[in-house]
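Scroll down for the structure; my scribbles are underneath it.
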Amino acid sequence: MPRIASVLLPMPLPEAFDYAEPEGLELAVGDHVSVPLGPRTVRGVVTALRDGVGGNRRLKPVLNRVDDPRLPANVITFVEWAARYSVDVPGWPLAMALRGLRHPPAKPEKAVALTGVQPGRMTPARLKVLAAAQAGPLSAAELARQAGVSAGVVKGLVDEGALEPVLVAADESIAQPDLTLPAQTLNPSQKAAADEMADMLAAGGFQAALLDGVTGSGKTEVYLEVAAAALEADPAAQVLVLLPEIALTQAVMGRFEQRFGAAPIEWHSGVSPPRRRRAWEAVADGRARIVVGARSALFLPFTNLALIVVDEEHDGSFKQEEGFIYQARDLAVARAKIEGALVVLASATPSLESLWNAHQGRYRWLRLGARHGTAQLPDVHLIDMRATPPEPGRWLSPTLVKAVSLTLQKGEQSLLFLNRRGYAPLVLCRACGEKLKSPDSDSWLVEHRYTGRLVCHLTGFSMKKPEACPHCGAKDSLVSIGPGVERVEEEARYLFPDARIAVFSSDTVFDPAGARALVDSMAAGEIDILVATQAAAKGHNFPNLTLVGVIDADLSLRGGDLRAGERTFQLLAQATGRAGRHEKPGRAYLQTYSPEHAVLQALKAQDRDAFVEAEMAMREEAGLPPFGRLAAVIASGPDAEALEAYVQTLAAATPNAEGVEVYGPADAPLGLVRGRRRKRFLVRAGRNVDLPGFMAAWRARAKIPNSVRVTIDIDPYSFL
Ligand code: ADP
């Protein structure tokens, strides 16, 4: 009986296409195949097979099978689920799942092997070679080295037929975790949490846990033991750990290496294509038992995934905002469901969504209430910048300056935290008042002194800082407004000329190795003052760091989107949580112009529960997540009229659905980006509404003009 293969292509197409299975090819679901698409030949994956020959138009045949490891059926299910959830085409998540295959497989290596033929003339040198070759194929050079003879001897044996050239697979050995190494002795609350999760693993099937422990309580130690339990219980089990930052990946890789004697597989955008290929294959065939990576590791071809850990689960970086839009925390739970695995969400400041799920009993709630050992949470002080302002043109208040000097005197380390890259966030002309903007975009240019350039952080546009105002032509009239980390560094150097000062931001640290070097030198005490953006504020463990100063605690409260309070609390609790993680007590100072704000009061009192309760009440009142669902439509285009006509048509086509409210269209706060105007709708729905279904149906009701691009963002984090 002839069969039809549904082939999904990693491209923006609405569904899988049907092709005929040629006789004798014997395809299976998950096979990689080449198929014709119009005039082109493209690669895809077989997602289903059924008997039949198609309708009255003959189907084109599959051309051939590509010899790559099969995509597991669970990954196909996951890709389809993710596409539906994100209201996007399945080709995008498929492309993510195939990312490791872009690089060709490692080529087999040339070697020589014994044939059994005896050479005509035997010499002591030849005997040594034949003896060394007993162990199996080796490269000619290696064989000569092992036998201690010249290359000519080996060549002579090949010429006489005693050895023959063969191809062997490239070395793909992957270090395996050593489960006999001793575990860290857990303290009683860590042990209780680890035991409970080990029991959940033993029970099997999909389960979820929220590992909720203050900074420094030892959450990492706990999930290392849960990973050990998973790997021990099943010799084929695989473990995935997701982290929000590449810099953190490095630190956690190190902890796993220490615990299991072998480095896990690493997966993120900084990993080279050949290593990605190797990682992908090792995950697919089960040699990779532990993977540590960024959100995209969720799409790897695990065949026996037993445990997913999402560390710093509250972190906004788990939301991918470009290309295929998804929230990795939610997809991690979905993948665990498909795999029948345990998912552990870990954080000191969990998202309100996860806290709500824990509260409702959907996630097992495991709390670690205290820091490990004698370490205490830092004392948090608020500095009222209205009462004790810095000197004009400066950014550190006298109170903070004094605290830093005291810390320096004691030989301890300080972290000055400001979540803003560059030197100054705004450049203004003193003569005409013009603020320098990115061309064709609603975005200020940020001054970077290290490079002498003005940079748009939104579009990547940059230019040399001009000497005259581009608007009025006045010379030397441009002034830098406000601080970024580079400016704080400048001030710190001026105030503490003898201190060793370093800056940690994405402008000073470009890759994982650089991040690791800086983190190591901080941990080794080679830096006195670290000026850092959020890249350094999370997760890290610096034993001698006892002071954290937050330059602008109000920064992320401005703008006031729905998560502003939550995000500020999380970020500052993380940043202040870097201080005093070992024996020495820590202090944190938050500079603020609104010390009475509920978020700052909660940080000072270290009362997360009160903050969460107040925030939850407010969200419930307004029907916002986690009590309701949100989605956004962003339409953009260079032609203002066509865009306006489209959003009006879309508005008029809004389906009538119970429990759904649609707001808009409105000009987006970022109304212009790269010459494209932007409009937004916001949709709010009850928890029981199928919001992806509603959005898909709505979008289908209005034809999208060629010049307009429409993006649907389920559970938006950015409202720009
Ligand atoms: P978290 O992930 O909760 O921020 P970590 O796991 O990084 O905390 O632990 C903080 C510090 O305490 C680390 O230096 C860690 O090695 C140490 N620590 C935590 N638990 C233990 C333990 N049971 N025994 C020894 N050291 C521990």
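Cβ coordinates are placed from backbone N, Cα and C, and glycine is handled just like the others.
According to TrEMBL, the features are:
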BINDING   CYS429, CYS432, CYS469, CYS472  Zn(2+) 1 binding site
BINDING   CYS456  Zn(2+) 2 binding site
DOMAIN    200-368  domain 'Helicase ATP-binding'
DOMAIN    464-619  domain 'Helicase C-terminal'
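Annotated features, which come from TrEMBL, shown on the structure.
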| residue | record | contacts (Cβ under 8 Å, 6+ apart) |
| --- | --- | --- |
| CYS429 | Zn(2+) 1 binding site | LYS435, LEU436, CYS469, HIS471, CYS472, ALA474, SER477, LEU478, VAL479 |
| CYS432 | Zn(2+) 1 binding site | CYS469, HIS471, CYS472, ALA474, SER477 |
| CYS456 | Zn(2+) 2 binding site | SER438, SER441, SER443, LEU445, VAL446, SER462 |
**Asked** Taking CYS469, CYS472 as the binding-site residues to compare, which has the smallest set of other Cβ atoms within 10 Å?
**Response** CYS472
**Fill in**
Given the Zn(2+) 1 site CYS429, CYS432, CYS469, CYS472, its other Cβ neighbours within 8 Å of the Cβ centroid, in chain order, are ARG430, ALA431, GLY433, GLU434, PRO470, HIS471, GLY473, ALA474, SER477
**Request:** Please work out the mean pLDDT for the residues of the domain 'Helicase C-terminal' (464-619).
**Result:** 89
**Fill in**
Under a three-state DSSP reduction, the secondary structure at CYS472 (Zn(2+) 1 binding site) is coil
**Asked** Taking DSSP three-state, what's CYS429 (Zn(2+) 1 binding site) in: helix, strand or coil?
**Response** strand
